[in-house]
Amino acid sequence: MDSALSDPHNGSVEAGGPTNGTTRPPSTPEGIALAYGSLLLMALLPIFFGALRSVRCARGKNASDMPETITSRDAARFPIIASCTLLGLYLFFKIFSQEYINLLLSMYFFVLGILALSHTISPFMNKFFPANFPNRQYQLLFTQGSGENKEEIINYEFDTKDLVCLGLSSIVGVWYLLRKHWIANNLFGLAFSLNGVELLHLNNVSTGCILLGGLFIYDVFWVFGTNVMVTVAKSFEAPIKLVFPQDLLEKGLEADNFAMLGLGDIVIPGIFIALLLRFDISLKKNTHTYFYTSFAAYIFGLGLTIFIMHIFKHAQPALLYLVPACIGFPVLVALAKGEVTEMFSYESSAEILPHTPRLTHFPTVSGSPASLADSMQQKLAGPRRRRPQNPSAIYEESHPKDPAAVTESREGTEASTPRGLEKKEK
């Protein structure tokens, strides 16, 4: 989760490989402005479109596209896991050969990047296919065991259009694997970011505050307290960051003086902004106040990061500025509108079936989920009646409007008892 790294005077570290020790010429003000502006734009695109796609993802029925929900327990453990991973990578680069580690990581991210990019461009590519395109359905299913113990490991459904997108993404993957070009790196990085914002869902605002608060401390410590994050960012040859050359105007596409922004500084605030968009929709006011407020807060926070980084000529932990902005601005709006309680009581998982009663214990039933929901609604809607204990009560319930019949029924009941027979004999 490296932050934006840049030194406009001495030159940034090249994303495609280690430096050779030569001194680079200072970047021009135009080149610096172009690089920073491009990084800002590339950061905003996956957040905006990923948030919109997260709404459709929460309402979707395809099991392969179901979101991964982050709970408060996951959020509390995430900074610890991220710190262990970062420190482990740092030690690996210190002990083992950097070339072989990056080769292994390149193959790993080659596969992940193709799948992420294919999933990203699939909705856009569907618009370019003709109506008579022969689209066949496929299913990739891996199971473990047999009989009643059979368990699904992978169940992925796709069609011919998805295969075409996979082929196009593979071309980008081969380009990245052979050249490590910064454009191919950015295509994979944008795909990772958009998929992260779309498929990672916070269950409520409190969880988002825990996650962002923990990573706020994580980012500040590993950037200002040690050189671990900067070293890993410089040595790690994988599309885990967005890069843009500051000398593009001088060298064109072969430029090598890069400013960079870690994907964590996009995805982590992005999933919180996507949560606020779903909260806006749950209010049913046809406004996206909290989404636009948090989106503007992200622009402000990232712009402040770039400004301070440019002034002090030192790597900056972007979450140091993004976290207070992305949390503080929406909370201030909620205070002004008197909706703080609604904001912190909102549960994102409740959107899956918003009009269906939620169960805490699931009975064993047969039938479709729709029939189960209908039967539940009928039971909840109808008042429960006491079961009659004797035949006279049944008669009273069936003829409540006939007083004479009720009287005869009571007399008949009295005569049927032993006490009634005794009176009749007398």
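Any Cβ shown, glycine's included, is placed from N, Cα and C.
According to TrEMBL, the protein has these features:
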- 365-378: compositional bias 'Polar residues' (COMPBIAS)
- 396-413: compositional bias 'Basic and acidic residues' (COMPBIAS)
- 1-27: region 'Disordered' (REGION)
- 365-426: region 'Disordered' (REGION)
- 33-55: transmembrane segment (TRANSMEM)
- 75-93: transmembrane segment (TRANSMEM)
- 100-121: transmembrane segment (TRANSMEM)
- 199-224: transmembrane segment (TRANSMEM)
- 258-277: transmembrane segment (TRANSMEM)
- 289-312: transmembrane segment (TRANSMEM)
- 318-336: transmembrane segment (TRANSMEM)
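Counted over residue pairs 6 or more apart, the CB atoms of the transmembrane segment (199-224) and the transmembrane segment (258-277) come under 8 Å in at least three pairs, which marks the two as touching. Of the two recorded stretches, the transmembrane segment (318-336) does not lie close to the transmembrane segment (75-93), with fewer than three CB pairs under 8 Å once pairs fewer than 6 apart in sequence are set aside. Here the listed stretches are 75-93, 258-277, 289-312, and the one with the most C-beta pairs under 8 angstroms to the transmembrane segment (33-55) is 258-277.
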